Every structure is written in C-alpha cells, then in structure tokens.
C-alpha cells in the first residue's frame, strides 16, 4: 500500500467515524505498533530462555573441551578430528553470538538496534555456521566411507593438509551460499496511515518479495539437507552391503580377517550418524520452509512455528553427539 493510499484510508476512517478495531490503535503509538508488529516482548521469552540456558551451558562446555583436546594433544590432530574441530567452532559461534542475540530479540522484538550491518551479520552468521556444520558432517562421512572400503587409498590421501584444504572449501562455499538469503534481509520500518514514520519500529526481516525468499529456502534446503542426507544414507547402504559381502567370504573361506571386525562398529556408527543428522537438522529446515510457505498466519500456526523454532535452537547441543558418531574406530 502506497503512502497516498494509506492517507486516503485514514481520512475515510476519520470521516465515517466507524467503530472499527483498527481505529483505536491510532490513539497510541505503542498500541498501534503492537497492532502491526505484535507485543514488544515475545510470550515465548521465558520458556525459550529456560530451554536455551542448559543448551548454552552444555554446548559451550562440550565444544570448548572438544577444541582443547584436539589443540593440546598432537596425537588428536588427525584429519577426522579436524572436521570435529570445525563442527565445534561452528557450534560455538552460534552459542556465543547467535543465541544471545536471538534471546535478546525475544525480550525486545523491536526496534532492532544494530542497524543494517547488524541485520546482515545476524542473518549471515546463522546461514554460514549451519551450512558449514552440515557440509563438515557430510565430508567426514565420505572420509570414513573411504577408510573402510578403500583403506590403502585413504591412508595415502587422508592427510591433515588435505583436511584443511577441504575445510577451507567447506567454509568458503558456506559463506557464498549465505549471500542470497542475507542480501534479501534488511531493516524494515513501519508507518502511520498518514505516511509518517513510527518511532522505534525498525525490525530485521525479509525486505524483498517473498517469492525470492521462498525460492532461496527451497534451494538451500535441498542442497544442505536433502542432498547430504541422501549421500550419507547411500554411504551407509554401500557399507552395509560390503560388510555383508565380507561376512559371506569369511564364512566360505573359514578365515578371519583381522581388519574386518572393526568394520561392523563403523557401519553401526554411520547408521547412528544418519539418524542423528536427520533428527538434528530437520527442525532447522522445517522452520524455514514453514515460514516460507505459510501465507495466512493464524494463532495456531504461529504457535506451531514458534515451537519448531525453539526446537531448532537445540542444534548446537545436538551436534555434541557427532564426535561420538564420527570418531574413527579403534
């Protein structure tokens, strides 16, 4: 609606003196702002804070310990552990920077005080670290697959320098992939029906047409959930087939290969990884897809969305399971 249309509508309301619920919101700036943007403090602030506190404490302690162990022990500086270090760093970024900002926004939904740069940073942060985590998990799954099915080749190719190069590509691709969604976010201001700016109405939100946002979310959900989930699942299936084949050979030959017993726990590990990956990251992508597809919001839909949003915030703690599932077999 243009400023002229807003002014005409306001004049029409005034002239007709209708008993419209909209009219009473013109009497107070705060009431009108609440009418447009909802309550200044989210009703979910207290329950979300209660949920996030243990996630924050456990997540920070767990991920810091992972980083310290890898950094302080030379024997722990393996290619696989470099990927675990990358996961821990991405989780710490969310916990230390993203989570406090999200809780603050629930405590004070508006105005957004950090300006356009802060809005871009907030959006990019969540995009980058989530994408980097997903790609790190997928990459180390491929590494473990190679180690089991092609152990000699993996031993020659799986080096620390190679792992660092791969992680550089992972984080670089994550940064590039975050740009589309970041670029369509910005500061949105709200206006009175007469076209004048409402003080304190700045919010960090999508400012481009929603079809662009919907397209970006659908593409990134495919690239960073459906595709990685498919890759990890296929790896598990192929490893299962190989293990079954090895068992048949052992039974036929009546021999025991000293390298093969360790493959069974590796296969179980990858199966657990598939489940953990699916459970951990499903809420994050459902949250985004839910927001992109709903056009007419109701109280019940908003309640469901907020519940999913809270659950998706548990990803940093959920990632603490990956060190156990990604660790190479003994």
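Residue numbers in this text run from 1 along the chain shown.
Heads up, the Cβ atoms here are built off N, Cα and C, so glycines get one too.
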Matching range for TrEMBL feature annotation, transmembrane segment, among 124-142, 143-161, 181-199: 124-142
Positions on the same chain near the transmembrane segment (215-238), where near means CB under 8 A and six or more residues out: 127, 130-131, 134-135, 137-138, 141-142, 144-145, 149, 177, 180-181, 184, 267, 270-271, 273-274, 277-278, 281-282, 285, 288-289, 291-292
